[in-house]
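A quick write-up on the structure given underneath.
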C-alpha cells in the first residue's frame, strides 16, 4: 500500500530529518490546546488598521498600509499530537488485506448491472474510498458510457439519472444535460410530483453543480431543487435524511473538499437503514488511516515553519497559517499517495504568502520593484540590492525552492522546480502591477483590473507546487501544457479573484486599497456595492461553469491532473464562503479542522 512507500524508514531523508512514525501513545486530541479554552469559546480578535511613516533607501518618504492579521490559532500544537505506529500499521494491514479486495470483488461482480455499478461508484466516492479503484472505475464507466442511450432510455427515476449524470461527468464523460427534460411538464417547468422525492431532489441539487456554460436546464434544476429542499432543512426533526439535506444546502459537495465530504457522509451513512456494513467499516478505517497520515505530514510542515521563524524576523504582521495552508493542499490532493506533494505545496504556499503579504500590505512601491527584479534574477547575490527585511524573505523563498529541488534530485527526479521558479517570476509581475495601482490610489477599469487581478490569484502557481511530486503524467508534457496557459486555470483564477474581492472589499478599502474588483465595477458603471456584487456573482458562476467544461472535455492531460484545478475551487468555499477565513479564521473553520485532524471516527 502507498503508506509503506510514503512512511518507510528511507522516506523523506532530507526534510529536516523528522521521523514520520513516532512511537508514542495513541492520542489525536491536543489537550494543551483546550486546557484553557474550548474551540467554541475563544474570543475573536479585533483587527486594527493603521499607517506608519517609513523611509526607503532612497530617502523616499512614504506611508505603509499595515494590516494586523490575527495570530495562528494552532501554532505548533500538532507537534504535541501523538500517533501510535502500531495502530497506523494495523489500519493499513486491515484495509490492504481485507477490505480492498472484498470491495473490488463487489465492484467487478459479473452479476451487477451497469446501473448498479454506477450507483456503487457514487457511494464509493461519497465515502472517500473510490481512489483505491481508479483503473476499475474508469474501465467500467468507459464501457457503460458507450451504451448510454440504452441505459437511460426507459429510466424515469430522478435519483438514478442524477447519479449517473454526476458520476459520468466527474470522470470526464459529458453526459448530455437534456436527460433531465423528461422530468419537466408541458409548461417547461420541473414536475411538481418530484417535490416528494427528497433523495431525488438532493441528488439533482448535487448534480446541477456540474453544469457547463449555456446549460440553462442545470441552473433551473439547481434553483428548483434548492427551493424545495430548503423547507426540509429548517424542519425540527431527528430525521437523518433531513439533517443531511441541511448540511448539503450549507455547503454542496462540489463546494467542499473530498475528505470533508467523506467525513460527513460517513456519519450520514452510519444511520441509514440499508447501509452496507463492509463499505461502512472500510470507509471508517480509511478515514482514520488518512487522518493519521495527515497528522504525520502536519508535524513536518509545522516543525519546518517553526524552525524557519520568519514571522519573528519581520517588522510587520503576516498570515501564519501553517495548518490552514496544509488544509488547502489537502483539499487539492487528499489521496495518501500524494504525501510529498502536500508537504511541498504547503511549504511553498506558506513562504509565498509572506511575499504576498509584503507586497500587498507593507512594502513601498520601490521595494516591490526591487523584490520583483531580484526574483527575476533568481540569484542569492540579488539580495544585496534589497532592504534588510526583504533579504530575509528572498533568502527563505530561494532556499525553500532549492531544498525541495535537492529532495527531488535525491529521488532521481531532475528539473522539477523550473516550472515553480518560472511561476514565481510571473507572479511578481502581477504583484508589481497591483502595487502600482494601490500606491497611486488608482481605480482602473474593471476590465483592466481583471487583466492583472486574475493571474495574480496565482492558483495555477498553487497547483504547480503540488505537481512537483506527482508522477501521473510525463513531466515534459505537463510543463508544455502548463506553459500554454490552459483555459481551466484562467477560469479558476477569475473565479477566485471575484470571490476574494467580494469578501475582502471592506477590509481592503479601509486600508486604502481601492483597486478591488467590486470598487472598480462600482466606479466604472456607477452602481451600488450590492449591484456590483450581484453582477460579479454571475461572473463567478460563469467562470465556474467554464472550469467544469474544460475539466470534462480537455484531453490534453489525464484526469488525475485535470481534477486538481476543480479541487482547488472546492477549497475556496472553506475559506471564502462568507468572509476572509484565511486571513481571519472563524470558529466554523477551527471546528472543521478539529473534525478532520483531531477526532477519529469511532469504529
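Cβ coordinates come from backbone N, Cα and C, glycine included.
Source: prediction; values computed, not measured.
What Swiss-Prot says about this one:
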- 356, 360: Mg(2+) 2 binding site (BINDING)
- 356, 360: Mg(2+) 1 binding site (BINDING)
- 500, 504, 508: Mg(2+) 3 binding site (BINDING)
- 356-360: motif 'DDXXD motif' (MOTIF)
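Residue 360 (Mg(2+) 2 binding site) sits 14 Å from residue 500 (Mg(2+) 3 binding site), taking the CA atoms of both as reference points.
Neighbours of the Mg(2+) 3 site: apart from 500, 504, 508, residues of the same chain with C-beta atoms within 8 angstroms of the site's C-beta centroid are 501, 502, 503, 505, 507, 513, 516, 580. Between the C-alpha atoms of residue 508 (Mg(2+) 3 binding site) and residue 356 (Mg(2+) 2 binding site), the distance comes to 14 Å. Comparing the binding-site residues 356, 360, 508 by how many other C-beta atoms lie within 10 angstroms of each C-beta, the top residue is 508.
Within its own chain, residue 504 (Mg(2+) 3 binding site) has 516, 580, 583 as residues 6 or more apart in sequence whose C-beta sits under 8 angstroms from its own.
Distance noted between the C-alpha atoms of residue 356 (Mg(2+) 2 binding site) and residue 500 (Mg(2+) 3 binding site) is 14 Å. Under DSSP, residues within the motif 'DDXXD motif' (356-360) fall into helix, strand and coil as 5 helix, 0 strand, 0 coil. Sequence-distant neighbours of residue 500 (Mg(2+) 3 binding site) (same chain, six or more apart, CB under 8 Å from its CB) are 457, 576, 580, listed in sequence order.
DSSP classifies residue 500 (Mg(2+) 3 binding site) as helix under the three-state reduction.
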